[in-house]
Amino acid sequence: MSIVLAFLALLVAAIGWWLAQQRLFSKPWLETGIQPMTMDSPATPPETLGLWIFLAVVGALFAMLGSAFVLQIDATPWQLVPLPRLVWVNTGVLVLSSVFLQIAAIAARHGEMRLLNLSLAAGGASTLVFLVGQITAWKVLTTSGHLLAGAPAASFFYLITGLHGLHILGGMVAMGIVWLRLAPGSRPKQAHAAVALCALYWHALLFIWIVLIALFTGWGNEVLALCRSVLR
Amino acid sequence: MGDIRHEAGAGLPPLEVPDVMPPHAHGWWGRYVFSQDAKYIAIQYACTALAIGLVALVLSWLMRLQLGFPGIFDFITPEAYYQFITMHGMIMVIYLLTAIFLGGFGNYLIPLMVGARDMVFPFVNMLSYWIYLLAVLVLVASFFVPGGPTGAGWTLYPPQAILSGTPGGQQAGIVLMLVSLILFIIGFTMGGLNYVVTVLQARTRGMTMMRLPLTVWGIFTATVMALLAFPALFVASVMMLFDRVLGTSFFMPMLVEMGEKLSYGGGSPIAFQHLFWFFGHPEVYIVALPAFGIVSDLIAVHARKNIFGYRMMVWAIVIIGALSFVVWAHHMYVSGMHPWFGYFFATTTLIIAVPTAIKVYNWVLTLWRGDIHLTLPMLFALAFIVTFVNGGLTGLFLGNVVVDVPLSDTMFVVAHFHMVMGVAPIMVIFGAIYHWYPKITGRMLNEAMGQIHFWVTFLGAYAIFFPMHYVGLVGVPRRYYELGEPAFISTPVGGLNAFISVAALIVGAAQILFLFNLGWSLRHGRESGPNPWRATTLEWQTPQTPPRHGNWGESLPLVYRWAYDYSVPGAAADFIAQNDPVTIRPAGEQP
């Protein structure tokens, strides 16, 4: 459970930082009148805050999966699944899609509709390529004998990449809705925030993917061994 | 003495979120069925939770019939008994308690108490309810499939949960259970995002975090915890679903069943326990923290006194929330673990008692020399304090490894957790319903029926669970369909079990009277007026009762003070509403 605890420690630090700004030591029973709110201004829009909190939940989800994965390594030592080379190509494609969405967010901020449409199309297409690539990677693995119902290490690979893919798919639905709202005649200013949120979501899922790759390839093992020795 | 009137717009800090009217509903369906108004969603949540809770109540009756009068009721087979246990526990903990506190009270009270027009994402909020309803329907469906619902116990421990020896293990029961849990978590996440962002961003001007009523603090913290803890249950459910349906072995070691080797192998059942309790222990506080918050407000209002140690109460809520994430393994002492591991978890478990005790002292000190009105909400609040202390004390016993190991599988544990997270939060739910029903409907609940309900429930709950501690100490194991007269139990407990069962039947009947009261008072209750309890918090200051769409009429309320200005010396009335701009200076102080 070391990964979950490390993730929660990060969140606790963030929550603690926020709490520290809430005047927890004030004496509300002595104060009357309207006081300024202690939140930073201009305030974060609710959608942005909502997405950050949602990302924390998604982070918790994958931290749990990672923890379960590591717990199993402890319980029953096994060989890690050899990752198909295609997974590295997929990773590159996902990085690319993240870059495209960042360009889209910048284009939206400057009101460049043409560039915005282009980069959204490129982002969507590269994400699609990533998903197809992941499914192909599954096929490569199954043909090489690592079945879903085989050793737990393989099962974990399918489960975790599958859930990650589902989150990407959900992001694509959201991006599609944003894009529809960008239909000719709408002002890009309105869409700016929404596109920026899409980009943020893509970056987060890319980050999660990189951490997962580290787990699958065993890079993380040394760090984890260190964490475990500290936590025990 | 001088009144300072703040005019809207004069030197006011800007709103965090622009004041826009939430979308208006179109037609009857939009207003009453697919409503995006948090108040309707709250009522939908609460009614669904109470309805499914009634099912769980009947299941507990059936269990008690078997335990009290074994061998008399032929239709309660061992399989059925395990199904009753499982469904009773799961429904009560998740589909009733979690849903009614966060989905019900959270939806109704958060926007009104923070001075918002609605939740910040009304559409997502509506989806949250409908997915919750779907989860409940999937759960109910499992009663009607071949083999019936799962009988794996509410903890659903693998490997037994998905093997043929467990009712529903190789049939649809366990699959529907897991699917229902997954749906519930998705639905809850949608609602939870709303509650958190609404508290953070949609507070009206003047409503700083340290002026929030403790009810909001409790629900807010519990929601944050739930958002972070439910993913563990989600992961565990998905993985077990894979094991059951797709033949993976995440939680399944190599197994021989009926002399036949199964295809499973290599998984770890303990991993499930870690995931389950990583959710399961915070879940206790996900239920308890809203109860803590609500009971603080009930006590302050009905004792006409400010809450003692408001700051300390807020800190305690936050600290309990954080600590509850590092105690999960105290549910796993008997699963076998490194002694230092057990030592660590016993220590953290006992540390939680400190902030919890602070809260209890503060409630008692709020009551001290207060003007206590023994109204129904106050009676339930007092019952909560007593019950929570009782249940909490046995928790201190069980938190220690050496005490827990012999008691772990006995009725003592059943008595403990029913006191601390069954009876105690339910008392708060009842108190809260008696307290806020006038705001929701404009009418008071019938007092006579309420008094019968309270006394039968309170005394009856003790008649059930006090003897159960003893039954457990004598050594009666939990989850046994039929005990007989084994040699390891020195004292026969048959008579005591029959007594508990009769008490359980009577207490259950009192709940039906309560549900009847809810419906009866809707038409025949006394008109309550806008603020029958003379409370300070914003929900009682709405222009209409029950509050209309958008809650606040033309403009949002402004908040000038904290939520607990009761019996202020020198004030005209014995309470000053949060949106009342009057300034009271202590006698003798020059303006």
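Positions of Cβ are set from backbone N, Cα and C atoms, glycine also.
Among the features that TrEMBL reports, domain 'Heme-copper oxidase subunit III family profile' is placed at A:1-221.
Under the heading transmembrane segment, TrEMBL lists A:50-73 (among others). Sequence-remote contacts of a segment are chain residues at least 6 beyond its ends whose Cβ falls under 8 Å from one of its Cβ atoms, and for the transmembrane segment (A:50-73) they are 1-4, 6-8, 11, 152-153, 156, 159-160, 163-164, 167, 197, 200-201, 204-205, 208, 211-212, 215, 221, 224.
Taken from TrEMBL, the feature transmembrane segment covers A:85-108 (among others). For the transmembrane segment (A:85-108), the residues of the chain that approach it from at least six positions outside its boundaries are 115-116, 119-120, 122-124, 126-127, 129-130, 133-134, 136-137, 140, 175, 188, 191-192, 195-196, 198-199, 202-203, 205-206, 209-210, 213, judged by C-beta separation under 8 angstroms.
What TrEMBL lists as transmembrane segment is A:114-133 (among others).
The transmembrane segment annotation in TrEMBL covers A:166-182 (among others). For the transmembrane segment (A:166-182), the list of distant contacts is 58, 101, 113, 116-117, 120, 123-124, 127-128, 130-131, 188, 190-191, 194-195, 198, 201-202, 205: same-chain residues at least six beyond its ends, Cβ to Cβ under 8 Å.
Per TrEMBL, transmembrane segment is recorded for A:194-216 (among others).
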Beyond the flanks of the transmembrane segment (A:114-133) by at least 6 residues, Cβ under 8 Å: 86, 89-90, 93-94, 96-97, 100-101, 103-104, 107-108, 165, 168-169, 171-172, 175-176, 179, 182, 188, 191, 195, 202
Integer average pLDDT (0 to 100) for the domain 'Heme-copper oxidase subunit III family profile' (A:1-221): 87
